[in-house]
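Below is one structure, written out as structure tokens; the observations come after it.
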Amino acid sequence: MPAPEIPNLKSLLASRRGGQQRGRGRGILTSGAKHESSDADKDRAVQNTDQDAATSRLSCIELGYLEDPFAKAFATQPTIRRLPLLNRGTYVRTTAIDILVDKFLSTSPTELKQIVSLGAGTDTRYYRILSKYPSIKVIYHEFDFPSNTATKIATIQKTPSLLAQIRQSLLDPSDLKISVDKTFLTSPFYNIHAIDLRTFSTSPAPTIPNLSATTPTLLLSECCLIYLQPADASAILFSFLTTLIPAPTPVAVVLYEPIRPHDAFGRTMEANLASRNIHLHTLKKYGSLTRQRIRLKSAGFEHGFKAADTGFIWQKWIAEEEKERVAALEMLDEFEELELLLTHYCVAWGWRDRGEEALFGKAWAEVQEQERDDEVG
Amino acid sequence: MSDLDRAIAQLRACRPIPEYQVRELCYKARELLIEEGNVVGVDAPVTICGDIHGQFHDLMELFRVGGDVPDTNYLFMGDFVDRGFYSLESFLLLLCLKVRYPDRITLIRGNHESRQITTVYGFYDECLRKYGSANVWRYCCEVFDYLALGALVIGAATNLEPSDAPFADPTSQASMQTEDQDIEIETLNANGEIMFRFPRNHDASQSSQATSQPSSSPIIDTPSRTGPSGTSATSSANGSRGNDGGAVLCVHGGLSPLIDTIDKIRLLDRKQEVPHEGAMCDLLWSDPDEIDGWGLSPRGAGFLFGADIVKCFNYKNDLSLIARAHQLVMEGFKEMFDSTIVTVWSAPNYCYRCGNVAAILELGEDGSNAGYMRRSNGDVGRRQSSVLTERGRDGPGRRYRVFDAAPQDSRGMPAKKPVADYFL
């Protein structure tokens, strides 16, 4: 384990006596939470998963797994060097979603596109897209808890390079608006919405400023919907597919989340995260590749519903020379564990196209799905 | 009470000892280890253990299940440090026990007993955190350089002494009755109850019956049972075809294309950091695999080696079995290649994340000294040993004790529930 994660025996004693810790040893902070935790505590635990992911991302960037000049600006914690197998997993996760997003954006590149990132947190994908595809027009929406959007917007405001990127895509820089409480950022192209995703299952469903109902849209959920109750998670997909972006506008979704909760590793994962107050509410319901496919199909992504675990994705989606590059970055000893870890996360992607046009069908025609699914639903 | 006994008591409570004591301990350990050959000779009975990886509380559980030092004779096959939160306490305790009872515990080197690996996988950081300087890490690394590369167990009994242990599942008792048969493999749970018992194949005339027996056993298809799935005897093997009376080679990783005899291991200059390549590196890094001959290892060090390599090596060196560690196996142990090699893994719920069980391997003492003369002490139904000598040699009887991770907060030690990382 990297240094900041090894419990210091002295600090353990201090915290047992009620000593306060800030900023480090997040395990110690949460592991004491054996008492009944409030809903607010649980929400905070979910919100904090973003910083966890951001830390993993930074570790990958520092070591050369990923390229992302924008991530550093959003980091609130010093870079922690993660273990090689975690870096590998973060690399596969990010690269897998990048592949699907890139194929979407580069199919009919002149057409306006829309991306909705659920539980976006400090994700930098919008900025990476802007710098990679300067001529592509994309409306981008990020959703998260107000506490997370406020932090992100504050960072944007104090980081000239980020502001410049956003303004560059606008015809009139004054189109960029930030709410008084600084939890909303709106513009014709880039939007950050402070919305609790659970409100989609209440009526009326929230309205989303600047969301286009007629633009081909990709929904992203990178470890987001899994923290919601199954009914809430379904309500979000339902809202987007019906009221917010009705047919025939093409809509697709890319999910990245844990699967296979029933074996020893899966059971341990669920228990370990529960002790950190993180509950994977939809894990059992969508616990296999087959179940993920059925989920996408029955949600209304009727033209395609596919899934693969990240072990498969590392094997099949990443080019050999890129695999060699990544394998050479760090000495990785823990192969059996890496295999376990990678096979317990999946990417699922599904779409609803507009008749013959088949935008997503074309974009993802070559993306290989995993046939084998050894977990019996 | 001597200083050493005091240090042992303190470490058993999972409390680190002061730096000056570590220095002294490491000095004594080095004096002891320097006298050992690259391949340490160990007499059965012995309990063989795999990776520990700083999971101190699980090491305590191991001692509870396998018996304490010096009552039980132990052989640890390396990877004491890294990954877990208590590498320091785990390694220092084992080292203290080594200095205190040198003839009752053998430590050999794993690929994590290296300066380079420990700086990546946690032991260096842990020393820095617990002592504020890297001195203790340095002392430990100097000891690493002196650890033996392998061990050779001699005098192991061909069959297990029948134990009067109860069966974990009494309904399965009937199908595992072996009153008139010799026991080759037995798997016990942490409570000492028999989960699985496998009789030895006696001769060709009986082999068809004996091989059909394990495959039709209901236990094999039951995933909750950890024993049989780790036992290749249940799938491909017709019981052991090892060499009766042969020794058991213990090494952390596996074989090397540069080593065809154990004597060649003895000739290596081991007192150095683990090199990136070469025979010493291979012994600590290689893995058996379902291939022919040698293959490249995905680990970037060591090699993959197939059944032909193992069988040839065992034959040439008069070995009945190779015991190694190095690879996580969910069932705690895994026999391969007709039981000519076994992986033993002793870190349950590895990294507090993997959900696996752990195992240790007990080899009994052959009462007849010669290794292939069976004890004829009037046991009912024992067969003539001449049967054995006719068909060649059998591997040692193997008793696996399988155990789970130690329960948290149960031993009065600072055992905060560790946090395993996931993708969130």
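Each residue, glycine too, has its Cβ placed from N, Cα and C.
Per TrEMBL, active site, proton donor/acceptor is recorded for B:HIS112. What TrEMBL records for B:204-241 is compositional bias 'Low complexity'. The domain 'Serine/threonine specific protein phosphatases' annotation in TrEMBL covers B:108-113. Per TrEMBL, region 'Disordered' is recorded for B:202-241, B:374-396.
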Same-chain residue ranges lying at least 6 outside the domain 'Serine/threonine specific protein phosphatases' (B:108-113) that approach it to Cβ under 8 Å: 40, 51, 53, 75-82, 121, 123, 144, 147-151, 250-253, 270, 274, 284-285, 301-302, 325-326
Assigned element (helix, strand, coil) containing B:HIS112 (active site, proton donor/acceptor), judged by DSSP: coil
Around the Cβ of B:HIS112 (active site, proton donor/acceptor), the count of other Cβ atoms that are within 10 Å: 29
Segment-level pLDDT (mean, integer) for the domain 'Serine/threonine specific protein phosphatases' (B:108-113): 98
